[in-house]
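S.K.: Dropping the structure in here first, questions after.
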Ligand SMILES: *Cc1c(COP(=O)(O)O)cnc(C)c1O
């Protein structure tokens, strides 16, 4: 260790204040357990925001990290490397895609997807075909292009002129989408399950209808699977269970289990519109991240592991139903696989943060998705004993919130 003393208070002194982190400071993790700097333990239902899909400290990932860490971390894209080629082969073998571009985050994968869609449409159809259609409440990252495309205006406002040619429509409203998609449409970008927007699954008919309209008008269909991807919903990618194939798919979050990596996957014909020099990155596709992601994809594409996602998802829903019978706290529980949202009933409206804080005080890490939805995105291999122990703690937390609500009434 060093002689620099820090604690949660240090955050408020030295960090750019765009976050408001919890009052405790996590220090160590194993599987679905995390310990803070005081040695208190937490059951982890957040997975670092749908990232640590194989839990903390997975032995096979540690092995790859150490082995590749000993060999080569970074070389730059003037050279290729075997780990990135193996990762691209694996991803293209397992999906609709023929080609992969690697970046370091979800936002960068989406930035690449949107730029590629624009380039493709302008090359093929001319400069008028630039309209990007997106949906309200959607989240696609924090670069200026991706916040402008995202459906939460508060993230894009206050930074001056935004990229143009972007339209936002209501999610799951097929009639409005069919009305809007035209020969001017360059691309439609959609999350198969809106994650940050409140854990809202798309209606299958909505995605099918978008696919047909895109085909009719020569527009590209982009699935942002940054949160739903890499096994989260019970299939390797969510498009597989919807039976709707996109033209471009973006993936990040769980892809590196915490090592930052993102990817854009697409077909051969579309990929050809990104010629040498048209787009790029310094770190994207580095051998260290690629070797870890290759192992993640190998482990998560195992059908047995994916079956376990449904089992755990069902167990979480059963716990939530049982708790709801006691407290009537949830209006609706929804999601797919291990991306689950519990929307609060009117009596608890907009109090998701209170539930989150009470859970933390009882030794549970979880997520919210907006002010009114509690979100679960744990490890896909969370031990059932941890899941049950976690819900015993959550129940205590909810007892406290409900008790306080009863007193307040
Ligand atoms: C998290 C997320 C992003 C942004 O990913 P970053 O790695 O934070 O840039 C984009 N799209 C979706 C659907 C996400 O959930």
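Here the Cβ of each residue, glycine as well, is placed from N, Cα and C on the backbone.
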S.K.: TrEMBL has 106, 107, 224, 225, 226, 227, 282 down as binding pyridoxal 5'-phosphate; which of 139, 159, 327, 330 does it also list for that site?
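M.R.: The candidate from 139, 159, 327, 330 that TrEMBL ties to pyridoxal 5'-phosphate along with 106, 107, 224, 225, 226, 227, 282 is 139.
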S.K.: Between any two of 106, 107, 139, 224, 225, 226, 227, 282, the residues recorded as binding pyridoxal 5'-phosphate, what is the biggest Cα to Cα distance in Å?
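M.R.: Across 106, 107, 139, 224, 225, 226, 227, 282, the widest Cα separation comes out at 25 Å.
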S.K.: Per DSSP, residue 224 (pyridoxal 5'-phosphate binding site) is which: helix, strand or coil?
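M.R.: Going by the DSSP assignment, residue 224 (pyridoxal 5'-phosphate binding site) falls within a strand, counted as strand.
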S.K.: Among the recorded positions listed here (142, 253, 281), which has the Cα closest to the Cα of residue 106 (pyridoxal 5'-phosphate binding site)?
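M.R.: Going through 142, 253, 281 one by one, the Cα closest to that of residue 106 (pyridoxal 5'-phosphate binding site) is 253.
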S.K.: I need the CA-to-CA distance for residue 142 (N(2)-acetyl-L-ornithine binding site) versus residue 227 (pyridoxal 5'-phosphate binding site), whole Å please.
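M.R.: Distance (Cα to Cα, whole Å): 14 Å.
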S.K.: Of 139, 226, 227, 281, 282, which binding-site residues come close to ligand 1, meaning Cβ under 6 Å from one of its atoms?
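M.R.: Passing the 6 Å Cβ check against ligand 1: 139, 226, 227.
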S.K.: Would you pick out, from the binding-site residues 227, 281, the residue whose Cβ has the largest number of other Cβ atoms within 10 Å?
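M.R.: Of 227, 281, the one with the most crowded Cβ is 227.
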S.K.: Does DSSP give residue 281 (N(2)-acetyl-L-ornithine binding site) helix, strand or coil?
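M.R.: DSSP call for residue 281 (N(2)-acetyl-L-ornithine binding site): coil, neither helix nor strand.
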